[in-house]
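Colleague: Dropping a structure here in structure tokens format, bear with me for questions.
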Amino acid sequence: MIQKHRIVTAGVAAFTVAALLAGCGATKGMQQQAVAVNTYKVAAEDTPVKAEYSGIVAATDKVPVQPKISGRVVEKFVQGGQDVSQGQPLFRLDSRTYDAALAAAKASQAQAAANLANQELNLRRYQTLASQDAVSAQTVTDQEAATNQQAAAVEAQAAQVQAAQDNVDDTIVYAPFSGKLNVDDVPVGTFATAGSTALVTISTTNPVFVEFTISEAEYLDMVKKMPSASGSWGDHLKLRLSDGSVYAYEGHVTQVNHGMDGNSGSIVVKAVFDNPENLLLPGMYATVISDTQVQQKAISVPQRAVQQTLGKYFVSVINENGEAQNKEVKVGAQVGKFWIVTSGLSDGDLIIVDGFQKANGATLEQHLLTKADIVNGTTDSQSK
């Protein structure tokens, strides 16, 4: 009996221990179901929108200087890299052939003028004789025609003289506008073909373009949101140079390409900047900054709260039951560490910033973050 009692007692003890262990395991399991998450309550508020774009400086005008006539370069008045003014002589071509052609044209013009004078004299004589019935009226008519024909020949010769004179004048090649010459100027002795040979390339230096691209989404967001935004997207642009300094002069958008690049999905934009000190040179890289636009009643979320999958964006939102659910959103401009959400969220929604990977279907232990927390990044490691 004593042995049987010991066996029963041992069994009861074992059951009790097992029950206690099971209870501890259940408690531990319940504790594991609570997932710690950092949350953020979105609010619709006026938001300054700052955007940066990689740009490259380009001349507003850049053309190869080509001669109007063909000839060998016999003299250079400038050197590559030089600043020039509109109308300043750049090159002189061999003019001997054109000088001779001008002299011949002038001689032909003089001969035609002499013939016209003789025809006019004959016409007056025939008119006098006709008044005396000494010649027929037909003779006078024929002489009038001959005189008019010679007058036309004189005009044609005058045009030939002008053309020859233009060719002589065009042996001097002038700067089409004020700017800076490239260092691709040809040497003396080069034979230049009219309308083909580039003697030198000239570019404007003040003002200059800065060319950059914006995405299709940025373009659409800009167009759609401008009625509800203060400030113009293309005005008061700033420029940050490669050394980190901010350029002294502001610029503005002057050209937006009429179409989108099918390969890159971007749209080319050109902004113009004054360049009186010639600090900006074509080919230089700079960052275009737009920071004057304020989007009214914009909803923004921390960037790290946004999930991207197959080109779509999602945010984990906590519903009225305290459960996490993914909602598709559309994002617009980037503002610091935030994205502006253009659709999918409402004012007052509570979203998960950190820990959303394990939040679905779990009990949540929430920790509300402020905007300052997001900006300062002080809670990045609170949720694992």
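Glycine is treated like the rest: Cβ placed from N, Cα and C.
Values in this document were obtained by computation on a predicted structure and should not be read as measured data.
Annotation comment: TrEMBL describes 62-200 as domain 'Multidrug resistance protein MdtA-like barrel-sandwich hybrid'. According to TrEMBL, the feature domain 'Multidrug resistance protein MdtA-like beta-barrel' maps to 207-288. Look at TrEMBL and you will find 298-358 tagged as domain 'Multidrug resistance protein MdtA-like C-terminal permuted SH3'. Per TrEMBL, signal peptide is recorded for 1-22.
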Colleague: Over the span of the domain 'Multidrug resistance protein MdtA-like barrel-sandwich hybrid' (62-200), how high is the average pLDDT in this prediction?
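Modeller: Summing pLDDT over the domain 'Multidrug resistance protein MdtA-like barrel-sandwich hybrid' (62-200) and dividing by its length gives 94.
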Colleague: Using DSSP, how many residues in the domain 'Multidrug resistance protein MdtA-like C-terminal permuted SH3' (298-358) fall into helix, strand and coil?
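Modeller: When I sort the residues of the domain 'Multidrug resistance protein MdtA-like C-terminal permuted SH3' (298-358) into the three classes, I find 6 helix, 39 strand, 16 coil.
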Colleague: For a three-state summary based on DSSP, what are the helix, strand and coil counts in the domain 'Multidrug resistance protein MdtA-like barrel-sandwich hybrid' (62-200)?
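Modeller: Going through the domain 'Multidrug resistance protein MdtA-like barrel-sandwich hybrid' (62-200) residue by residue, I get 69 helix, 26 strand, 44 coil.
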